[in-house]
Every structure is written in C-alpha cells, then in structure tokens.
Amino acid sequence: MAAVQDGPIELEPENEIKTETSNEVLGNPGDASGGVPPTAPVAAVATEKPAAAAADSTERQTLLAVLQFLKKSKLFESEEILRREAGLLNEIGDSQGSGAGGAGLGGGGDAEPESGDASSLLSRVAGAAATASANATPAPAKVTPVVTGGEDQPDVNVVLAAYSQQGDPVLYPVYYSGLKRFIDSVLDCHRAELSQVFYPLFVHMYLELVYNQYEKEAKAFFEKFHGDQECYYKDDLRILSGLTKKEHMKGNETLLDFRTSKFVLRISRDSYQLLKRHLQERQNNQIWNIIQEHLYIDIFDGMPRSKGQIDSMSGSLAGEAKREANKAKVFYGLLKEPEIEVPLDDEDEEAENEEGKPKKKKPKKDSTGSKSKKQDPNAPQQSRIPLPELKDSDKLDKIMNMKEATKRVRLGPESLPSICFYTFLNAYQGLTAVDFTDDSSLVAGGFADSTVRVWSVTPKKLRGVKTAGDLSLIDKDSDDVLERIMDEKTASESKNLYGHSGPVYGISFSPDRNYLLSCSEDATVRLWSLQTFTCLVGYKGHNYPVWDTQFSPYGYYFISGGHDRVARLWATDHYQPLRIFSGHLADITCTRFHPNSNYVATGSADRTIRLWDILTGNCVRIFTGHKGPIHSLAFSPNGKFLASGATDGRVLLWDIGHGLMIGELKGHTDTVYALKFSRDGEILASGSMDNTVRLWDALKAFDDIETDDFTAATGHITLPENSQELLLGSYMTKSTPVIHLHFTRRNLLLGAGAYNP
C-alpha cells in the first residue's frame, strides 16, 4: 500500500449525500405581479359579505385552523374556496396572481355552485376540525395568494373528493390540448420556452392516469400526444408506453424518481408571466397543480432563449440544472509539483563532453499547460485533502516522466499524433474494458467471462514474486534484492487474474503500476497486486453491478459507480467507503478523477454529469445537454475543462469554473466510448463504437469561447457550429469499436478494442 503522510487517512464515512430540492416552485411572493411580503402580519379585516362580518372570534379562529390544516395538507384549491366563501380575502391583500408556491387558481367548472353562507360552511367542516379548533391559532404570515372572481365556487366537500380522485380523467386531453393551443398562439420568442412544459406535463398526466387505474384513458392520452414530444425523449417514451398498470410503476425506480423529483425548467420572467396569466384566466387547476407539485420553474430576467439554446441544454431525465447548482466555487487549478532535480541523461552528457557546452532540452510551456511548479491561484490548498507521501520509486518515476516530456512531440493542426491501435483478436470472451499504465508499459483487459488479463507491451516480461521458501534464502542486504525476489520461472507476456463472479466492466491501473482495480457485475471492486498477480482486497459496498472504477492521479483513493445510482469514494486501506455521492436518477456509467484529485466527475444514464467535492461530499456542478447515457469523460490536463461523450454520438465541452457548456463536437455516428486529451491539452481524441478515432483541435475550441457573467447567469449559450473546422482527422479501424484511448508521455496515441467480424 502507498504510504500516507501523518498516518492513515481518517476521512469519516458519510451517509448518502443527497442534493436538496428547493421548495420554491414558481417565482416568489415579492415579484412584480403583486402579493404581500412574507413578513406581513395576517390582519382580520371585515368584508362586504354579511355572514363573514358577523362571525365572532371563536368562529374566526376555528375557520383559520381549518384553513391552516388544508394548507398543511396541500389542499390549496379547497383552502382558496373556503377563504373566499368565508370572506377572508382581504387578509392577504390585493392578490393579482403573485408567483408564490401556492396553487391559488379558481375552482373548476363542472361542480355544483355553493348557495350556503359561512355559518353553514363552518357546520360542515366542524367535525373534521374539532380537534384543531380547541387550540387554534391564527394562520401563519405566508398565505397563498388567490385569484378573485365573480363566479360562485363549488362546495368544499366536492373539491376534496375531486382532489382524492386526481381530477376527471376524461378532461386530461382537454386540459393538455387547451395549453397546447395557447402555446402555439403566443409569439415565437416565447413559444420555444413555454414548449418545455409539454414533456413533463405529458409524463405526469399519463402517470397520474395510470396510478389512479384509468388504463383506457391513459392509453388514449398517450396515443394522442406522445408524437408531440421532442425526439430526444423517445427512449423515455418507449419505457413509459410499457407502464399501463399501477403495479408496473412499483418496480420502476427511474420513473418513481421522475414522479417524486422536480423537473427543472429555465424560463424568462416574461414567458412565465404569460403562462401564469393563461392558467389563471382559464382556471386550469389540474395543470397548475402538476406544475406546482412536480416542476421547478427557474425564472431569470432578460430575453427569452431561442429554440437552439434550449435544445442544447435539454434532454436529461430531470430537465436542466438549476442555475444555483453551478455557482459554488470550484478549485480547478493544479497542485504544486514537488521540487525534483532532473539529472542529465546520457545523450545530454555526451553532447556536453563533445562540445564543452551543455545541450539541455527544455520542455515548452503550453497555454493549457500540464502540471505547474508555481501555485495556481485557482488551485486548492496542498493540504485540503490528505494525499500519500511520495516514495523514492515515485520520485524516480517523476524524473523519468520529466525526461520523457523533454522529448514530447508538440501537437497541433499541422502536427498530428501517430496512432498505434491494439486490436484484441479472438476475444470470444467479450472485451468489456481496457486500461494502459501511465508509462504505457502494461495493458489490461476486462472480459465478460469474469477474468482480467494483463499484458506487457514491452520486451520485459511479467514476473511474479518467488515463494516464501525461496525468499527466505535471499540476502536482503544485497543491492539487487528487488530483482532477486522475482521468479524467472513465472515470466510470461501475460497474466490472468481470477476472482470475479460476473463480467468485468471497469479496470484501472494505479499510478505507481503496483496495483490494478477491477469492478464487476458481482457488485464488488477488487484490488490486485501486480507483484504477485493475486487479489489483495474485495471491496463490498455496492448492491448492484459496478460499471466503472478509477484510481486517483495520486493513488491511494479510488472511485466507483454502478447500477445503484450511487458513486463511492474508497481508500485502498479502508474496507468501507469514505464518501457516498448520491443524486443521480439512473445508473452511474462512468467515473473520472479531476487532475488535482479534489473532485470526481460522474456520468450517468440520467443524461447528466455531476462534479463532486471529495472534501465535503457536495455536488458542485450539474451539466445537462446530452440526449443519451454518458459513457466517457476526460479532464483537460490543466483541470479547467471537461469533455464528455454519450450514446447520442456527440462530444460536449464544459467550462468547470463557470459551469457552462462551451462546445459541441459532432461527427460520430454511434456511442462515444473513449475520450482523451493529449499531454499538453492541444488535441482531444475521441473513440466510438462507429469504429473511428477522431482528433479535434482542443486549443481552438477553448480559445474561441468567451464566457462572461451574463452568460453564466442566464444560460444564454450559443454554441458555434464549427465541428468541421475543429475536426483535424478521422481514422477508421477494421471493424473494431474503440473502447479506450491513451496518450503516451511523448504524445503517441494508443487505442484499443476487440475485433468484431
């Protein structure tokens, strides 16, 4: 195990850390449309209705207690109707439809009008409110705004019954069609934004019909309106179409999450006011209730977004990310490298002897730089999280790395990398994962038959350690003791590792090449020794298949993510996870450490990418825009940018500091399964199931983007349509999907995949 400064690392294991859902749904009580500030006291003011004016203080307290009970039970329609009939409207001032979280829209049309006065109303609800009235207190200051109107309102009992039935199923198509006609009739600038409401409303209306066992109505509703939804929701709609009974919903965790979590829509204030006014005028309570309960409207000031801007950010299972979700400070800079003197190599010494002058090559500094010797102002503190101490072998490896860097090829549009592709032939077991060591000396493959195989790609063969009996005969004080402990009899080009009981889906070498991680369908992560080629530890924490795992750039820590929708942070010497990152709504399909090891990124089948802070366990970034499950992630060497690839064939580029999408690379026709930046960050390589490797000009992609505070605040991202300008080359394999890419220390690009005849 790697040695750690100041003893073992004691990061307390934490319970699941869930992202909090804001209770604020639609606007706020103090917006431009009126309403009373939340601190305003509730004043009892007599109204023109004679029955309400005559009510004594006991009746008033009883009535307020009933109103409070209805509000706590979220029976907003009933509360509003009772408040109107009791003549308590003036207690909340002039309510012109303030955008507070309450429902507050007028009652619906087919109920019988109420002819009784406040006294008869009280007598009907007295039985239900007997307990509450004994210790009744006035209602709290924050009161739901209501819409005044001249119509008689339906009976409270009728409203309660209608609420329990979730509305008349026959009217669902009427509600939806009415909203559709309205949105189609508004100005073009608002239509694109308001059209975002269609999909979540459609899903929740359908689920509500199924949940309340209106199977025929649900089927008719689906058939009529599913064709109106955006094309990138077609996979979700296919799953939805299979849910035709209430029993089906119980086993579908993803749709249960969709029903219980709030779908986020980002809408300008003008567009929001249009929608709110329409729903209030039509008294469309059913749609209003769904918007209240299941949607989060993130309102911003400014011009409405265009259809293209909305489409670029849409597509995830839970809508867009809230703007405040991406405002936390992220220390994306690199940690300061330790001072290590690089001795001259043999070539330099010969040149100095021959010419009498030193002939040292200096690595050229790049704007996207790799690791810096100066402290980056955006970098976290060196001691923010405990990292393992550098061993002598680590220092030697860093020296070798720096020497290699002096001979590194400077890449660019005029100097593309050579590509060496490793094809796995006769991989009848099913190749599922590949990884290379940092020095490119070893390659490992994970297979569907539950085995892991390691190959040496240099002339040096793989050797195991001698048996305990032979080791006791070795002189431990000799200079070449490390060489003597290796058993030449076991030397071979490859080694098989057995231990998993299901397909192996992810593998990762440790930076010092002494260990290998593998994760499997058997819900375990295993740590293998590359000295003895045996399993050292089996980490059991996941409950379902583990799809990916990766070592930290500094070793010791590693991350895993799987079907249980949770990512776990581990340390090699702890058998329980140090952190549990919970928030995704579907499987976590890929994981990646930030170069400074303070953050991890997770990509999910819910079509979002999340960035997690290892120290606090908080989610500090949520990126939406992909239209399919994410299968590959790559950080730029300077830590500022993130690239992601998904089943939609697109590669998206993200600015971590601003929390914005800044680029879209189109060209692949199938899942992008591998992404890798060159060592200095000039080139981004992408590999896909379409049997191609593509090279992109990363420097140009990042330099062309200008991010300002306004763009970050409103999300008005206009992506340049310059994919073809950024594409530097496309290279076909011979019927071999590309599942891994790796740049050597000299910027030679290595690829790997299994031949698929």
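Cβ coordinates come from backbone N, Cα and C, glycine included.
TrEMBL has this to say about the protein:
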- 96-110: compositional bias 'Gly residues' (COMPBIAS)
- 342-353: compositional bias 'Acidic residues' (COMPBIAS)
- 365-376: compositional bias 'Basic and acidic residues' (COMPBIAS)
- 168-295: domain 'TFIID subunit TAF5 NTD2' (DOMAIN)
- 1-42: region 'Disordered' (REGION)
- 91-120: region 'Disordered' (REGION)
- 342-394: region 'Disordered' (REGION)
- 424-457: repeat 'WD' (REPEAT)
- 497-532: repeat 'WD' (REPEAT)
- 539-570: repeat 'WD' (REPEAT)
- 581-622: repeat 'WD' (REPEAT)
- 623-656: repeat 'WD' (REPEAT)
- 665-697: repeat 'WD' (REPEAT)
Query raised in the report: What average pLDDT is reported by the model for the repeat 'WD' (497-532)?
Result: 93
**Report entry** Remote residues contacting the repeat 'WD' (497-532) - C-beta distance under 8 A, at least 6 residues beyond either end
**Finding:** 2, 391, 393-394, 397, 430, 432-439, 441-442, 444-454, 464-465, 538-540, 542-551, 553-555, 558, 560, 562, 570, 572
**Report entry** Cβ contacts under 8 Å made by the repeat 'WD' (623-656) with residues that lie 6+ beyond its boundaries
**Finding:** 232, 235, 312-316, 319-321, 330, 332-334, 368-371, 586-587, 589-596, 601, 603-605, 607-611, 662-681, 684, 686, 688, 690, 696, 698, 701-702, 705, 707
